[in-house]
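Asker: Below: one structure in structure tokens.
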Amino acid sequence: MASKKIHAIYTDDDLLMQAVKQTRAANYHISEVFTPFPVHGLDHAVGLAPTRIAITSFLYGLTGLSVAVLMLNYIMIEDWPQNIGGKPSFTFYQNMPAFIPVMFELTVFFAAHLMVITFYMRSKLWPFKKAENPDLRTTDDHFLMEVDAENHDVEKLTKFLYDTGASEISLIENEQDH
Amino acid sequence: MSSHYEAPIREPLVLGEKSYHDISVDVGAPVLGKANKSWWIVFTIALIAFLWGLGCIIYTVSTGIGVWGLNKTIGWAWDITNFVWWVGIGHAGTLISAVLLLFRQKWRMAVNRSAEAMTIFAVVQAGLFPIIHMGRPWLAYWVLPIPNQFGSLWVNFNSPLLWDVFAISTYLSVSLVFWWTGLLPDFAMIRDRTTSPFQKKIYGILSFGWSGRVKDWQRFEEVSLVLAGLATPLVLSVHTIVSFDFATSVVPGWHSTIYPPYFVAGAIFSGFAMVQTLLIIMRKVSNLEAYITILHIEYMNKVILLTGGIVTTAYIIEYFIAWYSGVPYENYAYLSFGAATGPYWWAFWALIICNLIVPLTLWVKKLRRNIVWTFIVALIINIGMWFERFDIIVIDLSKDRLTSSWTMFQPTFVDIGTFMGTIGFFFVLFLLYARTFPVIAQAEVKTILKSSGESFKKLRAVHGDDHSHVQTVEPYPADAGPSANVEDKNFDSSFNDLDEETENNQVDYEANRGKIDNLLSGIGTFDPATQTQDDLKKISGVGPVMEQKLHQLGIFTFEQVSRMTDREYDLLDEIISEFPGRAKRDDWAGQALILKNKN
Amino acid sequence: MYTLPSKLKLFSIIIMVLGLAGITYGFLTAPKTIEDVKEIMAEQDAHHGGEHAVEAHGEEEHTANFVDVARGEEGYSEAAMEHATDLKPEGHGSASHEEHVLHQLQTRPWSATFVAAFFFLMIALGVLVFYAIQYASQAGWSPVLYRIMEGITTYLLPGSIIVFLIVVFAGTHFFPWQNEELVAGDKILQGKSGYLNFPFFVIRAVIYLLGWNLYRHFSRKNSLAQADANNYDPYRKNFKLSVFFLIFFIVTEATMSWDWFMSMTPHWYSTLFPWYVFASMFVSAITVIALVTIYLKSRGLIPFVSDKHLHDLAKYMFAFSIFWTYLWFSQFMLIWYANIPEEVTYFIIRIQEYKLLFFGMLILNFVFPILVLMNSDYKRVPWFVVIAAVFILVGHYVDIFLLVMPSTVGHNWYFGIPEIAALLFFMGLFIFVVGTGLGKVSLRPKNDPFIKESENYHF
């Protein structure tokens, strides 16, 4: 798919924030921003929806807790109840004080690992994945804003971006969508 | 922007005039450079200790646990002491990375990476001991609740030792994932800065293709926060469960309800001592004194004071309640008059002196900020906390309820060798880490640079809190490797490089003659005979390249710049077309006026 | 500047009067003699009918069996119960049983008053500790709340005096070790008499209360001085003072909880106990800070406090609710697991006689706060925080109730006029004192070195 994008490079986070706000106010569409570190409030300024990854973590945690309860109940109460140190093994709740630690650990185990895996999958991060930042300096001290130029006058847009404080601007044409 | 505001009373966390780029360079340097001699010396010593320990482990496994000094009364001694000691050391890393994140402590940024690395390496050492203790380590998987060939026989979930299996494995794996996620942007930085294709490939794989998209960062921050929220109770639970190994029993001295929080505080206490030990050396060797400052060391000493104070209170409570309970067996518990005067008096006093008395010196601010003394105290605390576990285990067991079984424990060379081996292994891992990993979370340090960096704090002190924090960066090409950038802060030494660059940036003097004259007519000319030139780079927005261009135009002083108005700005933009509008946006005239009056 | 609205003032005075009347009623109607007790018991039997008594007995039998089964020992739990309660005046015959009941019934108004008195004192004390921690840790987010915290700690002085009077005059109602006859026949108590004796007990109480109140006095003075100062000297003084107060507190809090609570059952001991009491104190205190903040904010008096500050307070409520549960579980599980007779009695009486409260408290103090405050957006919604706060405060009142009642009145407890009256009286006093205390100065701590950071902070 052919597309026209403009890459504007900024050298400061405050400048970038200001530029993002101005660009959005001027009704240009920012398709992506690459930054070397998390810029506070940038996601909001770009207009991203809040992430729901914390909610998934909560659900994974509940899953972990359920797995723990089912496992403990099956192993310790149903399948082979034993008198161990006189701990009551007739029902789950009577034996529960001894089960709390494992229930807690499995809750955390599931919540943490599955959330991180979700994050890696959603953000497409895994070994041998090719990096996609268009400019190497965006992991160092440069900030790159990618603006859609498809339906805009490139000259005007370029001028506009210069005015927002960009230090370099390049036009990317026919770039393949990832 | 006032969003970078921080109370001026706070000391800076990043020293010197650092830019974002400088942070990348400084953090990348140990990885991209070559190891020095002292690294190799220390590494060799650690490797020898590790190999010696490995020999002892092989000897233990092939001969049997009988080669250890355990006896019938003291069935747990050296190995569990080391296990608890190592697990405890691990706690500081999670505390720094998780708890201090929740408390929004900015100073954690510079130390969390190494502290977490230390956590992981320490927990690896800890995990070795129960596995060796099994006698047949290849059957270690039997601790997992898996259906097996012996019929419906499961592991015992009533046993705190099994809780430990779950706690330690969750802790190790979650710490590892937390650490690695934080490493991704930093690996990516190294990937993008290295010139060696081999390193590029390796760090490309390690960085999982991190690109730094705004959505990725949003998720990254949320994931970090949730992981911190999970890791905080997790780290409490780990040493709590370790303490349950002892406290659920009815052994006098072990059965004490204060054990869970007391063990956690002790673990953090010893862990911070180990962090100090490692970081005081690392900041020196890796030239990171600007990032791991005296202030960081003082903060960590304060955490040591706090956790040490909690541990001291717990000792007092234990001692008091042992008396208050009226139970005669408590007279021989590890914190009692009996222990202080009994055959293990030396272990008792080692604990008291190392854990209670020596750390008291840190109440003195001068000593707290003294690096050598901090290092000594940290080593002493490490020893003291080892003795704490030794005392709890060996002294309590040596005098149990039956006087006929009272006995002493004598470690064998295998016991000692294995312990030394784990210390060697720990340092081998840490030294390798220090050479190959970005040892400071540079992306996170960059986020606090504007609020806590020394230069920005000065900027606010001089120009007020609302002054622009915009940093100017000398343009450098995208494909320039570190060799082109490493020294660029020091312009004298890289003057030659700069000349090449300025050739391309030469102002076309002849073509703009009229405009330049016009410009100078507005702001006045410079007469080298009567005037001295100013350092125009002090103006925010003017870098060395821009300064040279201004010089070519005949602009040398603040006075000239301060006379610029809209007309001159426009002229300047026409002559130097690269940065339209910048001079006006940064208000060079206003800045120059202030600078002129200061001179 | 805040002034206690006259309606609220009137309300607090009314509930104080009502409460005082109720407390007096409780003391006056407590049985005086064994004859009264017999009458009461007979009346109870007549009221509820024999069936109920049998049922209650059967219930007890059942739980007793539960413990016996767990322990594999016939009649164990009954023996344990005996042990738990035989610290009260001696004897096992039926006459002495009535004597025993008489003692417990006479203790009830004392206990009811003490529970409420200590509950509100510990809120003020917990706030004071939180305040000291903010200074000692040079916190950047909380200085906007300093005046609010200082307002709440105004209650410390009147609260201390009342609690001091109660613990000193309660005598053997609370502290069996003050009964010389009992000590004379009890070797273990004799061994403890070096610590558990009346003069030392009073001296200790004076030392704690004096120390806490002195810190409150001087920290407030410095804090107010900072507002008019042109350097940071008062702030620096407060920093040092706070560190020393915290050291003093961590020790005195432990002895305080031994003196006033643990020694109610002088044979029983738990090393974690002081920190458990502290957790309850701390979470209740933070909750009250949040409530007062929400109240003042709703009246538009503190525009410099934003929802971010509320968010942080709610996080603390959330975190310390979990912390409290952690300590509760650690103490409970270890004693449950080891099952040593002289230790388990503490939980046996609480589970057998106070089952609903004992487990209900866990839901109020752990489950509800977790569910309500888990979501980060809800922490900024005032009414959500208020709901969680009500759960937490009720839950921790129950916690203090369970510290005191089972140890002093045993199974002769009831939530009636004395308890409600005491709660009303101290709530009225608390509102009155705190409301007046908040009103004396501007609510914005001017000139604090971190005030601008606190107002601007973001995360």
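A Cβ is built for glycine as well, from the same backbone N, Cα and C atoms used for every other residue.
Any TrEMBL annotation is an automated prediction that lacks curation.
Annotations for this protein, taken from TrEMBL, read as follows:
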- C:10-28: transmembrane segment (TRANSMEM)
- C:110-133: transmembrane segment (TRANSMEM)
- C:154-175: transmembrane segment (TRANSMEM)
- C:195-215: transmembrane segment (TRANSMEM)
- C:241-261: transmembrane segment (TRANSMEM)
- C:273-296: transmembrane segment (TRANSMEM)
- C:316-336: transmembrane segment (TRANSMEM)
- C:356-374: transmembrane segment (TRANSMEM)
- C:381-405: transmembrane segment (TRANSMEM)
- C:417-438: transmembrane segment (TRANSMEM)
Asker: Does the transmembrane segment (C:10-28) come near the transmembrane segment (C:154-175), with 3+ Cβ pairs under 8 Å (pairs 6 or more apart)?
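Answerer: No, the transmembrane segment (C:10-28) and the transmembrane segment (C:154-175) are not in contact.
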Asker: Counting only residues 6+ away from its ends, which parts of the chain sit with a Cβ under 8 Å from the transmembrane segment (C:110-133)?
Answerer: 23, 26, 139, 146, 149-150, 152-156, 159-160, 162-163, 166-167, 170, 173-174, 212, 215-216, 219, 242, 245-246, 249, 260, 277, 280-286, 288-289, 396-397, 400-401, 404-405, 408-409, 418-419, 421-423, 425-427, 429-430
Asker: Restricting to the same chain and to residues at least six past its boundaries, which positions have a Cβ under 8 Å from a Cβ of the transmembrane segment (C:273-296)?
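Answerer: Here the qualifying positions are 2, 119, 122-127, 129-130, 145, 148-149, 151-152, 253-258, 261-262, 302, 305, 309-310, 313-314, 316-317, 320-321, 323-324, 327-328, 331, 365, 382, 385-386, 388-389, 392-393, 396, 399-400, 403, 434, 438, 443.
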Asker: Using a Cβ distance cut-off of under 8 Å, indicate which of C:154-175, C:241-261, C:417-438 has the most pairs with the transmembrane segment (C:195-215).
Answerer: C:241-261
Asker: May I ask whether the transmembrane segment (C:154-175) has at least three C-beta pairs under 8 Å with the transmembrane segment (C:417-438), counting pairs 6 or more apart in sequence?
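Answerer: They are in contact.
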Asker: Near the transmembrane segment (C:241-261), which residues from the same chain, at least 6 beyond its ends, have a CB less than 8 A from one of its CBs?
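Answerer: Here the qualifying positions are 118, 129, 131-133, 135-136, 167, 174, 201, 204-205, 207-208, 211-212, 215, 218-219, 222, 273-275, 277-278, 403-404, 407.
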